[in-house]
Amino acid sequence: MLCGRTNVNKFLIEEQRRNPALFGDFSMLISDVVRSCKAIAQGVSRGSLAGVLGDEGRENVQGEAQKKLDVLANQAFIHHCEWGGHLAAMASEEMEDIYPIPSEHPRGKYLLVFDPLDGSSNIDVNLSVGSIFSVLRCPENCNADAPIAADFLQPGSRQVAAGYALYGPSTMLVLTVGSGVYGFTLDRDIGEFLLTHPHLVISPETREFAINASNERFWEPPVQRYVSECLAGKTGIRGKDFNMRWVASMVAEVHRILMRGGVFLYPRDSKDISRPGRLRLMYEANPMAMIVGQACGLASTGRERILDVLPTSLHQRVPVILGSRDEVERIERYHREHETGEDQPYKSPLFSTRTLFRND
Ligand code: AHG
Ligand code: MN
Ligand code: MN
């Protein structure tokens, strides 16, 4: 029986009644996004049976090999969200330029940005993947009949809604419309996402961190310092042992952090100096930063809050450090201390690298 549980549509309509800033057919727009996620969940769960695994044989705008499911998931978002009349345009990891709503459909005043399949390197080995989305308003000077990429370049603090779907052992939808974070589980018997995790909150403290440690030699000193202190555990200055996880699906990592705390780092590194980070600001970092912030956690580049970063291009990358508030604040402090030189052990000016006797 459906009685007793709130489905995502009822939740959205109630949220929209509470918050008049969510104008127009906002709840209908999110319902279209939810439909996209249900379609993707179906494809992901059938895997080889549906012939959807493997490479597409092309590269996306990031120069990354596209999986078949990257392309299918992108098509699912377009198919389910383009006709409803709520959007002026969409943008996605898998499309170089924005996708203005075709003229045969009515256009609305929202913009949708998404990562159709996150963690897609995991898809062929049957591990958790997800979809991430962010909703923005068309800016005041935007011409809804001719939207341009610049209309999307708003800081994450202006997002109206953000969420992700996690295609794991169960399929979950996690959503914020700016008043807390709510988790819904897909009941496949009735085809509905039902509210199962109201008011998700990230504990401020943790003993768990997530980072791709194979990049260690490329990290900046503040991140090396943080991780080495975690690894030192009880014997180091943290005085407690830490656990480490790395799924290589940001959706799965953020979900774990929402469930039991933790900190996730994909920091700036020097592996490819043309890239300030691995993750993309508009459709990975920003929506996750809104979710984490709404759940009482923090999201930072190490030097500034992610939601304050002013985007300069649709596919720009950014360092990401997010999760339990105390840890993110500590890592931000380590970045500040590095910039001022406070993290250097004290050395006598006579004998240090800055010694008076050095002549280089
Ligand atoms: P995508 O599959 O959308 O390109 O994103 C993958 C991202 C993210 O989900 C994950 O945290 C990270 O890339 C994994 O990177 P590594 O393979 O370098 O660990
Ligand atoms: Mn991704
Ligand atoms: Mn992706």
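Positions of Cβ are set from backbone N, Cα and C atoms, glycine also.
In TrEMBL, annotation is done automatically, which means it is predicted and not curated.
Sequence-distant contacts of ASP115 (Mg(2+) 1 binding site), defined by Cβ-Cβ distance under 8 angstroms and a gap of at least six in the same chain, are SER92, GLU93, SER131, ILE132, PHE133, ARG280, TYR283, GLU284. Feature annotation from TrEMBL assigns Mg(2+) 1 binding site to GLU93, ASP115, LEU117.
Residues or ranges marked as Mg(2+) 2 binding site in TrEMBL: ASP115, ASP118, GLU284. Take the CB of GLU284 (Mg(2+) 2 binding site) and look out to 10 A: across all protein chains shown you find 27 other CB atoms.
Residues or ranges marked as substrate binding site by TrEMBL: ASP118, GLY119, SER120, SER121, ASN212. On its own chain, ASP118 (Mg(2+) 2 binding site) has VAL129, GLY130, SER131, ILE132, TYR164, SER249, MET250, VAL251, GLU284 as residues at least 6 apart in sequence with a Cβ closer than 8 Å to its own Cβ.
The domain 'Fructose-1-6-bisphosphatase class I N-terminal' (8-198) scores a mean pLDDT of 94 in the predicted structure. Summarising the annotation, TrEMBL assigns domain 'Fructose-1-6-bisphosphatase class I N-terminal' to 8-198.
According to TrEMBL, the feature domain 'Fructose-1-6-bisphosphatase class 1 C-terminal' maps to 203-335.
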### Query
Across all chains shown, how many C-beta atoms besides its own are within 10 angstroms of the C-beta of GLY119 (substrate binding site)?
22
### Query
Among ASP115, SER120, GLU284, the binding-site residues in the record, which have a C-beta under 6 A from ligand 1?
ASP115, SER120
### Task
Report the member of SER120, SER121, ASN212 (the binding-site residues) whose C-beta atom has the most other C-beta atoms within 10 angstroms.
SER120
### Among GLU93, LEU117, the most crowded of the binding-site residues [Cβ within 10 Å]
LEU117
